[in-house]
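A quick write-up on the structure given underneath.
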Amino acid sequence: MNAIVIAMMANLYAEPDLHAELVDEILYGMPVQIIEELENDWLYVRTAYRYEGYCQRNDVLFDDAITNTWIQKAQHVIGQRFADVLQEPKIQSTKIITLVKGSILYNVDSDTTSNTPWTAVQLATGEIGYLRSQWLHPKIAEHTFEEHAFRENVVQTALSYIATPYRWGGKSPLGIDCSGLCSMAYLLNGVIIFRDARIVEGFPIKEITIDRMQKGDLLFFPGHVALYLGQTLYVHASLGGNEVNVNSLDEQHPLYRQDLATTITAIGSLF
């Protein structure tokens, strides 16, 4: 059975308990596979990026046919940190839902010119709403960029989360953790990497030597991951810093963090 997330975000827990560890947030419009239905309206699900956990039934829409159609039609994502979907194309209109960066929508006006101020979108429930056109971007389903462009795009995507508060298990501008930041930077550029802070076989990130490291590659530490920006700098969702920020591997740099620079366990790269 397949389903679509219809909440702003579906919290994914390590156990079927609201007090259990939050391990991920599945964003609006993302499809999930229902592996098991449990009592008390809990579901055990697998995301499209192959991460598993427990979510609540009322956060998703159950319907194989609707989900399959949605996967084919919904090819746009929210590019803004937050965006309100409104009932009418005017700022005074009633809000239907607020969505975060990376949420998936069906662009009903996909053939209109890019200078149209408002775009009609369809929600997973079938409801039509409107949002500012510049806040909606085509979804990159698969990475097709040449290496230099891809690396630059991943870096810019990661930097768009600067100052986002740290949230364990978070994956949005409301709050994000280290692996959530890196996985979203790659996902929004068409590459699925493992959600947690380690290199896992079966995913495209492979270990390389540090002398080959370039911008867009990943630095792994014990229980932590960061994205390399080049020039000794890296961006990460730092529990110690309370938010997404930039630090340096260079001990002479004012942004140097010795605790991280001296504990690198691996460098990971798509290339």
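Each residue, glycine too, has its Cβ placed from N, Cα and C.
Here is what Swiss-Prot says about this protein:
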DOMAIN    1-64  domain 'SH3b 1'
DOMAIN    72-140  domain 'SH3b 2'
DOMAIN    148-268  domain 'NlpC/P60'
ACT_SITE  C178  active site, nucleophile
ACT_SITE  H224  active site, proton acceptor
ACT_SITE  H236  active site
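Recorded features from Swiss-Prot, shown on the structure.
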residue	record	CB count, 10 Å
C178	active site, nucleophile	23
H224	active site, proton acceptor	22
H236	active site	29
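Across the range of the domain 'SH3b 2' (72-140), the DSSP-based residue counts are 5 helix, 31 strand, 33 coil. C178 (active site, nucleophile) is 6 Å away from H236 (active site) when you measure Cα to Cα.
The residue listed as 'active site, nucleophile' sits 6 Å from H224 (active site, proton acceptor), taking the Cα positions as reference.
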